[in-house]
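Participant: Let me begin by handing over the structure; questions about it come next.
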């Protein structure tokens, strides 16, 4: 065999190894093979090697090889740019693009799609617009992959008019480009525009349906989401994990127990239990919200690999349904099974304490957050504790906790404290709470009326006049029928 034939055979074997199933674990051996056969300056071989490095998220390794290449060509630059569009630092793609042009190596149709992706990842509007201009000036705007990249970039930037302009200029639009534009409009809050585009689609895939179902659900348009879900089933599209996770909360809010149970049966018979813990978690949440704790526990016990989210949902669900002691018992079991609680776990267990009136247990759990679990309490945790202590009559302790908070209390927290003050006659703390509510909600006439009523009960007529003047200054009109009971 001639020397040229031998080299081609070696290259063929190297490429076969590179694109084989075991390239991940044999990457260094393949590199050694390249060096041994003096192919370390072959742009053809190295471009494949770097592409594989990119797919394996090993761009540090790829970059070292690239730096040792004497005369990189467009193939090699494209592989590097694509690799850095898939994993950070994305800025390196843009740097390589500029370096390439300085060396008078001109981009081709395979250069621009990954560059546009990097611009999207970096939210670099100015560079992205410059790349778009170059695409047009070089005549590459007719390539489908590049147009998809431009639309994706503009939707990511929130520049929907620019994205729509490129979309309208396309003579052939596949389902991917439709989905991108629909998602872009829905993400920026223009769900109606997204829905109108969805209705115009001649071809849809499951991503199209899921995008609209999720957007309608997030916009509190549950009836429309349910109607669309039925339409999707009528057109014989099979729900996937995302569909199920989107529709179960809709079923819970609408009280559609039958549809939720159908989804449960579908998920179980199609293997979602084994492969998607998120589906099981959504089912637990659905049954808890519908008050069906037996079914919630059945799903929970069926999960082959529980996560901390699974435990959080069942614990919170028990508290929500007034079974806080059982929720706390599950929390203890969770800890024994080696799960580390997180921020959401403690919101759930503290809520269990609130619903069951377990004041000392709540105090202990709240203290344990920082001491035992290195979790700094957030506003929601303080809110639970203020509610717990206030309901139990420990109003001054609750007020002391509010004053000790490292963050500013919100209106919900002051409202909970005020409610406790009214229930237990702590009028001095109530006065503080109402004043804070007026500061936070100067537009809420009810807070001014509550303060006036409080002063009237205590005979502070001068203070009532001050409240009246404050209402006039803030142009607040008195709402009828306000009382101290919140």
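Using the three backbone atoms N, Cα and C, a Cβ is placed for every residue, glycine included.
From TrEMBL, here are the annotated features:
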REPEAT    73-107  repeat 'PPR'
REPEAT    174-208  repeat 'PPR'
REPEAT    209-239  repeat 'PPR'
REPEAT    276-306  repeat 'PPR'
REPEAT    307-341  repeat 'PPR'
Participant: For the repeat 'PPR' (307-341), jot down how many residues DSSP puts in helix, in strand and in coil.
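Facilitator: Counts, helix then strand then coil: 26 helix, 0 strand, 9 coil.
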Participant: Looking only at the repeat 'PPR' (276-306), how are its residues distributed among DSSP helix, strand and coil?
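Facilitator: For the repeat 'PPR' (276-306), the helix, strand and coil counts are 23 helix, 0 strand, 8 coil.
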Participant: The repeat 'PPR' (307-341): mean pLDDT?
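Facilitator: Averaged over the repeat 'PPR' (307-341), the predicted model reaches a pLDDT of 95.
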